[in-house]
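J.: Take a look at this one; I'll ask things after.
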Amino acid sequence: MKLLDGRAVSKEILKKVKEDIDHHIDKKHLGYNLSRPSMAIVLVGHNAASESYVRAKTKACEKADINYKIIRFDENISAFELISEIKLLNKSHFDGFIVQLPLPDHIEPNSIINEISAYKDIDGFHPLNFGKMALGQKSMRPATAYGILKLLQYYNIPTNSQHVVVIGRSNIVGKPISIMLGNDFEVGRSTVTSCDIHTPKELLKEESQKADIVIVAVGQPGFLTADMIKEGAVVIDVGINRLESGKLVGDCDFDGVSKKADYLTPVPGGVGPMTIAGLILNTYEAWKMKNLIDE
Ligand code: NDP
């Protein structure tokens, strides 16, 4: 079994993004001096997991030499006030920004996401970007799905004509990865079975046992067990769960699955860093779009 090292692949992607930005800045563009890309991160309240994700995102910005700013708001901010801030960010100099989820319970996340300019939506969650992505058009791509595809591509894992089972159908992970794998992304077109909590347990198991690639994103430790996959499968574990002991684990029974799978993403160090790579790639795209750089 080979571990898919998201940390190492992400590092390479960030290095390449930095070099590409340097190249454009050195070359100048249309006779202008370009400033480096910039990202803003909106953080509401003090969620411990969010703080740690934001730290990882700012570290990635530093590696890619992308300017960033964390913009903090009190957890009692109203949805109306937050939307006003988003509208200001839409008009700001930042090439892209994210609103770190989850938001406090009194703020419905879609009411905020829908207000983000689609051009600055580097998480790829805005309905316009999601729609374009679903139609196979150029768009900001949902960052986790984008990162997973880049990881598969890096390891030359074929997806064209492969049977993929995606477990979990959230708007930010399960749904976009199911759609992107069924589209002509750079890695080809898969046959995708998408499962969620409404999928009968036995049917889910029957399907996952036949799959060449299983992507699990449910948020439950130990959900995917060895008896649910075939020998030699590729397993992408998206889950991030913190156990009472403080240990971080994914959605797989790692010990069992690692004995049967050919490839497996570790948690931490698998999909997490690739999500951040997806975010950085989207920021680079937003910057190129704003500066009319066409490659
Ligand atoms: P959500 O809770 O939004 O979605 C979970 C999905 O799993 C839902 O579609 C749900 O179905 C489905 N589900 C729940 N229980 C079952 C079950 N027993 N059988 C089949 N499907 C089930 O979570 P997210 O998609 O946001 O995140 C999933 C996990 O991935 C979490 O651990 C999260 O922390 C992690 N994550 C990791 C990222 C990374 O970068 N590595 C990025 C984002 C998330 P239904 O909708 O019907 O309830």
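Glycine is treated like the rest: Cβ placed from N, Cα and C.
What TrEMBL says about a protein is an automatic prediction, not a curated fact.
Model, not experiment: these values are computed from the prediction.
Copying in the features that TrEMBL gives for the protein in this structure:
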- Gly168, Arg169, Ser170, Ile197, Ile240: NADP(+) binding site (BINDING)
- 4-123: domain 'Tetrahydrofolate dehydrogenase/cyclohydrolase catalytic' (DOMAIN)
- 142-290: domain 'Tetrahydrofolate dehydrogenase/cyclohydrolase NAD(P)-binding' (DOMAIN)
J.: Can you name the residues of this chain that are 6 or more positions from Gly168 (NADP(+) binding site) yet have a C-beta less than 8 Å from its C-beta?
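T.: Looking at Cβ-Cβ distances below 8 Å from Gly168 (NADP(+) binding site), excluding near sequence neighbours, one finds Gly174, Cys195, Asp196, Ile215, Val216, Ala217, Val218, Gly219, Val238.
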J.: Helix, strand, coil: count each for the residues of the domain 'Tetrahydrofolate dehydrogenase/cyclohydrolase NAD(P)-binding' (142-290), based on DSSP.
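T.: Helix/strand/coil tally for the domain 'Tetrahydrofolate dehydrogenase/cyclohydrolase NAD(P)-binding' (142-290): 61 helix, 28 strand, 60 coil.
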J.: Checking the spread of the NADP(+) site as listed (Gly168, Arg169, Ser170, Ile197, Ile240): what is the longest Cα-Cα distance, in whole Å?
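T.: The widest Cα-Cα gap among those binding residues is 18 Å.
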J.: For the domain 'Tetrahydrofolate dehydrogenase/cyclohydrolase catalytic' (4-123), DSSP counts of helix, strand and coil?
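T.: So the domain 'Tetrahydrofolate dehydrogenase/cyclohydrolase catalytic' (4-123) is made up of 57 helix, 21 strand, 42 coil.
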J.: Ten-angstrom check, please: count other Cβ atoms within 10 Å of the Cβ of Ile240 (NADP(+) binding site), all chains counted.
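T.: A count of 20.
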J.: Could you tell me the mean pLDDT over the domain 'Tetrahydrofolate dehydrogenase/cyclohydrolase NAD(P)-binding' (142-290), as a whole number?
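T.: Summarising the domain 'Tetrahydrofolate dehydrogenase/cyclohydrolase NAD(P)-binding' (142-290) by its mean pLDDT gives 96.
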